[in-house]
Amino acid sequence: ERGERWQKTMAVRRRQRLGPGGGRALLAAVLLCLCCRAAAERVRYSIPEELGRGSLVGPLARDLGLSADELPARKLRLSEERQYFTVNEENGNLYVNERLDREEMCGESATCSVSFEVLVQNPLNVFHVEVAIEDVNDNTPRFLQDKFQLEINELTSPGARFAVGVAEDADVGSNSLQGYELEANGYFTVEVKESQDSSKFVELVLRRALDRESEPSLLLVLTALDGGDPPRSGTAQLWINVTDANDNPPVFAHDRHRVSLREDAPPGLIVLNVSASDADAGANSRITYGFGKMPPKVLQKFVVDAETGMITLQQALDFEDTRGYVLLVEARDGGGLVAHCKVDIEVLDVNDNAPEVTLTSVTSPVPEDAPAGTVVALLKVRDRDSGENGQVSCELSGEAPLSIVASSGGSYKVVTASALDREQASEHRVTVVARDRGRPALWSSTELVLEVADVNDNAPVFEEAAYSAYVAENNAAGALVLRVQARDADAGANGRVSYWLAGGSAGAAGAAPLVSVEARSGALYAQRSLDYEQCREFAVEVRAQDGGSPARSSTATVRVFVLDRNDNAPRVLWPAAGPGEAPGAASAPAPFEVVPRSAEAGYLVAKVVAVDADAGRNAWLSYELVQATEPALFRVGLHSGEVRTARAVSERDAAKQRLVAVVKDHGQPALSATATLHVVLAESLQEALPELSERAAGADAPAAELQFYLVLALALLSALFLLSVALAVLARLRRA
């Protein structure tokens, strides 16, 4: 209700000041203000002090150009250090969050406002809001004490002035202290004067000579009035004691002194030495110095020597707290007469406050593909000093692709200066340094840590573009062939690599592949046993793909070479196996060769032909004659397999000869095969035919005869052994 009454009163006053045609001028002024505000991105409101919590300040969202539908996504919030205000998340209106006391917030300042930033997201932006706090006449003028006691000599001449004291009113403007009134009397009046700091003080003026004998004392009421509507007032009692004749008051050499002190002046510093003189003699001329009625905070800062009038600084000064003091110095003689002089002390600012850096908002992590100029942090800088001491510049210290851009109202934006690359730096640490222009300059800093979020901008890279693997044939199914590895510089799922076969000659169309790859490890395994004789080498393409979206991939060629093992025995092509020499060949006629009896040594009888499916040393063949009817008659070439006569054929040689040759390879271990060759010694084929016909009938006779002789020899050896044993036993018995 107080706020509404205040707004109505201010509206009536504005209409009265505008007069006829003022409505149009007011509208034009309002439109001009709105245009200027939009250009400066600053929203201004004005409210009276002492509004209750929840009072409406203004439609903030609407003034910022935000609709109610945008509010949830834009995340409208305030960044003020002390939450004087709050914003409604549903309608975007700005409300009072706590009771606002202009005097508590701004003290004696003529204007009072609260400035803060409003942050919105998506995209990130900052707006400056200023709320002016208008004064309300809620403070009564108040004297420093309720009673003032004055001693005035009866000989004091009319026109003499006496300092009474100063009333204080915390309000400002028209609501502040405006004047003083004195109770009606026949001796004194009051005059209001204004000091350099615009404060009003009162002086008691003697209009008619006093007569102690007729009226030894006076009790008057002094009233202080402000300019509020309705006005407020405060009173104090003046107790005036009329003393006997001391007709010469002290006189100061100067009524006013002006002194400038740096705020870093040390306690104990001599500020000024005031001096007063008195024309009287004796006790009436003895002067003592002291301070008049002043606020307690002034009395705490300064002290005056009662004998010498030397004013000394008692406590340290602070320009940011108080920029000036007015000292009321009294000189009192022995008769009680008092003189006054004023000392105006100006406090000079010293650069004693370092800038304060506050990080308002930080966007971290930032994707590495963020374009240059992306806002990653908002910060605010404040320096409590004034002039050049309060002018602040900001810079970034540290190696990082970031830059700082000044905004309005002491705000700064930290933006990306160039493209980010997480693979080179996953985070950036910079120091924000704020430095003022004082001498010497003061500075402060705060660390800004910016993490870089990964983007799938790197494809997996194989350690080698092409791989070679060597696998011995007859391997077990599932044997490890090779392990490939690809690395992805990205992180997380973007850097997680999986493998599969992309193609190659590992298997014919429709046939099972020869190898498989494990998706996680990149290990290639044989799907089945490999056979060198069927496949000596093959190639596959392995694809490595990361887990990003969209995924990135690369390929590498793996060439697998199958190594030969000695797993194939030599195979005799000629002579072919005869009856009983090979399974399933019992009915095939046995091959034979006819050699004339007139053949000389070196005669080519036949050639054993054999092949080996293996390769290399495993396929190198050698030939050896292991069995023959006449071993000395024939020989076989070690590497050629040619069977030749070792000597000339004689009449004693049997007509039928059986030769057995062994064919061996050079593998480890060596494998072999045998070839049986039948030779008939005859001059012609007609002569050899009878021998061939008898061979079939008596093929088993030599074997049976040989068996008989072997059994007979074994029996004879057994008998001889038994006879020896018997003779040995008999000999031992005879000795016994």
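The backbone N, Cα and C atoms fix where each Cβ goes, glycine too.
The annotation signal peptide is assigned in TrEMBL to 1-40. Per TrEMBL, domain 'Cadherin' is recorded for 79-143, 144-252, 253-357, 358-462, 463-572, 595-692. Positions annotated as transmembrane segment by TrEMBL: 708-731.
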Distant-in-sequence neighbours of the transmembrane segment (708-731), which means Cβ under 8 A and at least six residues beyond its ends: none
Number of helical, extended and coil residues in the domain 'Cadherin' (144-252), per DSSP: 3 helix, 57 strand, 49 coil
Tally of DSSP helical, extended and coil residues in the domain 'Cadherin' (463-572): 4 helix, 49 strand, 57 coil
Per-state residue totals over the domain 'Cadherin' (358-462) - DSSP helix, strand, coil: 4 helix, 55 strand, 46 coil
DSSP-assigned states of the domain 'Cadherin' (79-143) in counts, ordered helix, strand, coil: 5 helix, 26 strand, 34 coil
